[in-house]
Structures are given as C-alpha cells and as structure tokens.
Number of protein chains: 2
Amino acid sequence: MVGGGQLARMTHQAGISLGVDFRVLAASAGDSASLVTGGVTVGDERGAPDLLAFAKSCDVLTFDHEHVPEPVLRELEEAGAVLRPGRDALGFAQDKLRMRTRAEELGAPCPRWRAVTTASHVEAFADPAQGGTGWPVVLKAARGGYDGKGVWVVRDADEAAGVVARAAAAEVPLLVEELVAFERELAVQVARSPYGQIAVYPVVETVQRDGICHEVIAPAPGLDEDKAVRAQELAIELAHALGVVGMLAVELFETAGGVVVNELAMRPHNSGHWTMDGAVTSQFEQHLRAVLDLPLGAPRTTAPFTVMANVLGGTDPDVHGRYIHVMAKDPALKVHFYGKEVRPGRKIGHVNVAGDDYRDLLERARDAAAYLKGDQQ
Amino acid sequence: MVGGGQLARMTHQAGISLGVDFRVLAASAGDSASLVTGGVTVGDERGAPDLLAFAKSCDVLTFDHEHVPEPVLRELEEAGAVLRPGRDALGFAQDKLRMRTRAEELGAPCPRWRAVTTASHVEAFADPAQGGTGWPVVLKAARGGYDGKGVWVVRDADEAAGVVARAAAAEVPLLVEELVAFERELAVQVARSPYGQIAVYPVVETVQRDGICHEVIAPAPGLDEDKAVRAQELAIELAHALGVVGMLAVELFETAGGVVVNELAMRPHNSGHWTMDGAVTSQFEQHLRAVLDLPLGAPRTTAPFTVMANVLGGTDPDVHGRYIHVMAKDPALKVHFYGKEVRPGRKIGHVNVAGDDYRDLLERARDAAAYLKGDQQ
C-alpha cells in the first residue's frame, strides 16, 4: 500500500488474518502504518523512483490516498506494476471534473455544476437573473487545493473572485456547484474485484460539522427503502462504469427528491470505519480481498445499528489519561487509535459501538469522542 | 510479548486498535508474529541475557507460552521487569503438580491424581484391588515432556512402566490421573487485571480428536445453567487464587455430576479464538487490557453462536489455491492464517463463523477446515 496513514494501518491489521505479506511505502518511520507494520519502506510516496523500487517488491499496489500524480501512475503501469485501482479509475478520484462529467454521462443524479476559470463564470452560474442557482454556491478544487482546503462556500461575487484568484495563483483548477439543499448526508461503500464481483454495504448517515465527518450511523436510520436501494444501485453502477477495483465510497446528499452524488473515494474511507465492528467483513479486509482478486466477504451487518465517532485531537496531548476512563465507563465501546501525535483538530482515532438503539449508541460514541478530545470532563 | 507464535501475532493485531507499542521477542524473523510486527527482537526467548535486554525496552512483559524457566523469571523480576502474569502465577501454569495441589486446596473439583516416580505408584493408583481407579489411567508430565508429548493414556502396568522409564530418563516429573468418564469437554476464558477486575466469557464446548482441539462451539450448546455458572465461578476463583493477570483458560470435563478441572493456561488460548469474531472484546484485546492494567472490555457474545475450527496443515502446501474456494463458498466465514509454513498436522490457522444454528455453523467451519487442509475436494 502506498501511503502510511491510518487507512494503511487498519488495512494491515485486517491483512494479518488473511495471511497477506503486507508492505507499506510511507513518508516516515513514524507514520501511522509504519508503527505497526513489519514491511515498511520509507521513501517518497509520490515520486517515481521510490514507487518503482517499492513496486518491484509487491504483487499488487494499492493506495491509502489519491496523491500519486497521473504521470507517475503511468510510469508504474509501463514498468509492469499491477495498480488496483488502475490509473484510469484513479483519474476519476483525482479529478472532480472528470468524475462529474462521467457521472453525468451515466445519468447519475449530480448537483448542477460547471468548470470555472474566472469570477464571471461563477457569477453567471449563481446569478438568478442569468438563470443561475442563486447564492451561495460551492467552489471546489478539481484537483488538489490551496491553504489545505479544497472546498469553499461563497456568498457573493466578491467572495468568488477571491477564491478564483487564489486558486489561479496556486494553479488549482476549479468547478462551481450548486449548494444542495439536503436533508442529511449519506454514504455507501461498495467493493469491486478485478473479476467484477461486487459487494455493497448498507447506506449510512454521515454527520458532518465544519466540513469534517464527526459521526456515522449504520444503517442510516429511517431511510426510505427506495432511496436506499437507489443509493446502492448508484454505487454499483459507478464502481462498474469507473472500473474501480477495491473499495469505492460514494458520498451522497439526501434531498426531498432523492439522492444526489457528492464525492467519491477509491479506497477504504472514514464513512466505512463502522464496518470494523459492525459488519461481517470490514472495509479493510474487503479492500484487500478485492485488490488481491480474492472472493469478496459478506458485507452484512452484525448488529441492528453501529455508530462511529471520530476522535479529534484537543489541546491536551495526554489521551491515555482519559482513555482509561472511557474504557471503564463503556466496556462495549471499541476504540481504534492511529498512533498519531495529538494536534488540535487532527483525526487521531475513532470509536465504534454496536447495539439496538441508535440514539443511545450515538450519545455513547459522541461522549467518548468528546471525552477523548478533552472537551468534556 | 515473549514468544513469536500465533498468539503473539493475534495479540499484536488487537493491540493496533489500542494504540499499543507492541514488541515481540521471537526465536526467528520468520516466526508467525515476527512477520507482521514492526518491533521484533530476534533472540533466545527462554534465556536470561536476551530476555533481560528485551525487558529493558518494555513497560510490561507478557508471554505467548509457558516455557520461560522459573529461575529466568526470577532474574527478570529482580531486574525490575514487570511480568504479567507474574512468576508465582506462571508457576501454576508451568507445573501441573503445583496447579493440582493448589486447585484441590481451593476445593476445585479435580480428577483423582497423585505424583508418581515409579511404575508401582501408577499400579497402586490404578489397581482396583488396591482401591485404585481402574485402568486405563492418564500419565502427565508435570513440567515439559518428552518426544513432543506430555500426556499418555496407559492401559496396564507394562505400558505405565514404559512411560515412567522414559520420563525418568528425560528427567520429566510425572503425575497420574484417573481417566475421567466425561460427557464432553468444556472451557472457560476469564481475564483478570492487576487491579483485580474480572471479565468472564461464556462456557464453550471444545471438540478434541487425537489430543488436538479441532472445534469450539460458543456457547456450549444445551449446557445446564447451573453447570455453566459453576464453571464460570470456578474460573473466577482460580484466577483470583492463583493471582493471574491476563487471560486464564480453564479446560474442564463435563461429567454427569458436574464439571471437573482438566488444564489451565495463563494466556490467550485456542479455546478462545472464537472471541475474535463472536465477542465484543476478543481474548487478545482483553489480554492486553489486563496486562496493561486498563479497564476490561465487555466479554459478551455478538451472535447466538460462534464456531471455531482449527486449520491443520495437510500434505499439499498450496493453501492459497484452496483458500479462494473456501472464501467463495462461504463469504461469511472468517479465516485467520498464522503465516506458517504448511506441515502435516501443524496448526496453520483457524476459521470462525457466527450465526443462529450451531449445527449449521459447525458443518461450515468443519468443511472449510477440511478443505483448507486438502482432505476434501
């Protein structure tokens, strides 16, 4: 796996049971996955020389992020490396313009959007007098981003002009999207193997605050059966059409009229962490099965509901001192730490809890995450 | 953890979620745990020099086997190493004479037994004319064993004399026990922390053939409630009385009159592997929580039944070729491989499967194990 973050760490954890000889190319020996894996290569995980050397020691290359540049992926393929997902599929995950164009071709419901290079494009898109969506609108980096961000909600033409100018300076291509009036956010996980086998997980509700996923409820409580089936079908169609191999996470908006595609990721994803303690096959095991072309595992749930809450770092680095209180208070809570140094707002772990009553589970998961952060004493 | 076998491998796997900086002292870089762990020290896991050096890099030492000699454990304690379980507790796991003596003092139901040094001792124990139990009887090595064995069922005085002579030559102390007329074999897992907190798992049925555990059904189907409670109480009493820290496995015989203590192990144990996919907290996570003096996790089951079957090596080393068929046939089966080279009769992994109908689960687990061995096409 290319990249040594928490996704690689948890993929290795799952791979131990499968007997996989898991190796990781990580930026440092202190990375989340490097700390717990035997086969660690420290190197430049985005550059051709280190990736080519690493690929020689592996039967299959997969990725814990979307940051390997397309020309490097091409070099790897030309050198005979087996990339899963492949370069073409990864292109859709790396470039929102390509993804949106293809998703629309497939008839997938998407927000209204267009590529923009000037502030007047944004204004034309948004201005009701020109048939636009109305303000505010969402500007997104099609690739990369700047100042650590890739999404900006802009309320008027002036704000739009500021983002467009800074993006242009950073050579970041932009698109504009309507701000969808959603009821809630949903996500679906689907796995696809090279053989074309598909396994789809139940649709989950994701609770975002400040652009960060805070909690996931699996399955999404009270979701209309038709919408749930439509969301799963959409994920399956996208996985096939984009040629995904491995896990695909499809983030969706639930609106009064149905579901609308928001974002895609071609790897294990935060919205699927609940599967570690709530599904027969976790998304990490499933990703490995898929990229190794093994038969896929059952994606079904093992409890009526599972709730995941992300643990963010707070100002006090002593997680351990708080950790034992969380464990003592809720012996059924499953804690997953990433081995990361605590920094305010950084995802340092997550908790899962499974049971019958999602409101109770949500309260317990939130309490634990807040206590671990240090917000709550 | 001292010892690099599959128990250390699976303990590391559980420790990843807890954020534990897990290290292993293993006999070789090819050992089961060495293959998947970052912090591996290769050395003599029974000798003082390597153990003392390894202990300096650890806050707590625990064990994947009972083979560290008592004088070495003493040296480690004197050097300030924190052993969990401690030397006194490990003494009961290492020496069946000490264990039997102490268990009887506690009033735990045990088979009739005595220490023996001569064949005539065995004869006096067995001979009905001398008030004995009748033949056959069971001879056990109190410590160690010879020819790779530690238990012999002998049918008469001649057979007993042969075992006694070979044990004497190997300087192996012996005890003799009645051959218990059991209905089935049971086991109970209990965890105890230094603080004295206890968590006890449901009583399971273990199915042994040729002295090897083949399957475990959790919980033991149709077990009388009083017997189940008595077995759990026994395990708790033993854990407290022997000063266990970590997991204690108590193997029992179920007889018409009740339950009888057979063997103890102070570590994660084969009879508890079902907990990886059938309990909120696996025995491996629980062992780590206990030895690190963290609050214990909920030991409750996550399904009505979970069945475990050991995967033994067969004559054909190509497990992988068979593996994909097992995965395809039963997508809900959980396979756990130990990364070991296939040798006939060697435990190379196990499978777990959870559900409502233990007969169905048992058939599926047995089928998978037999297929992986290569016995069944």
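Even glycines carry a Cβ here, placed using N, Cα and C.
Look at TrEMBL and you will find B:Lys96, B:Lys140, B:Glu177, B:Glu178, B:Leu179, B:Val180, B:Glu185, B:Asn262, B:Glu263 tagged as ATP binding site. Residues or ranges marked as domain 'ATP-grasp' in TrEMBL: B:100-292.
Shown on the structure are the features that TrEMBL records.
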residue	record	DSSP class
B:Lys96	ATP binding site	helix
B:Glu177	ATP binding site	strand
B:Glu185	ATP binding site	strand
B:Glu263	ATP binding site	strand
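Its own atom aside, the Cβ of B:Glu185 (ATP binding site) has 20 Cβ atoms within 10 angstroms in the protein chains shown. Listed in sequence order, the residues of the same chain lying 6 or more apart from B:Glu177 (ATP binding site) and placing their CB within less than 8 Å of its CB are B:Pro111, B:Arg112, B:Trp113, B:Val137, B:Val138, B:Leu139, B:Lys140. Taking a C-beta cut-off of under 8 angstroms and a sequence separation of 6 or more, B:Glu263 (ATP binding site) has the following same-chain neighbours: B:Lys96, B:Val250, B:Glu251.
There are 16 other Cβ atoms within 10 Å of the Cβ belonging to B:Leu179 (ATP binding site).
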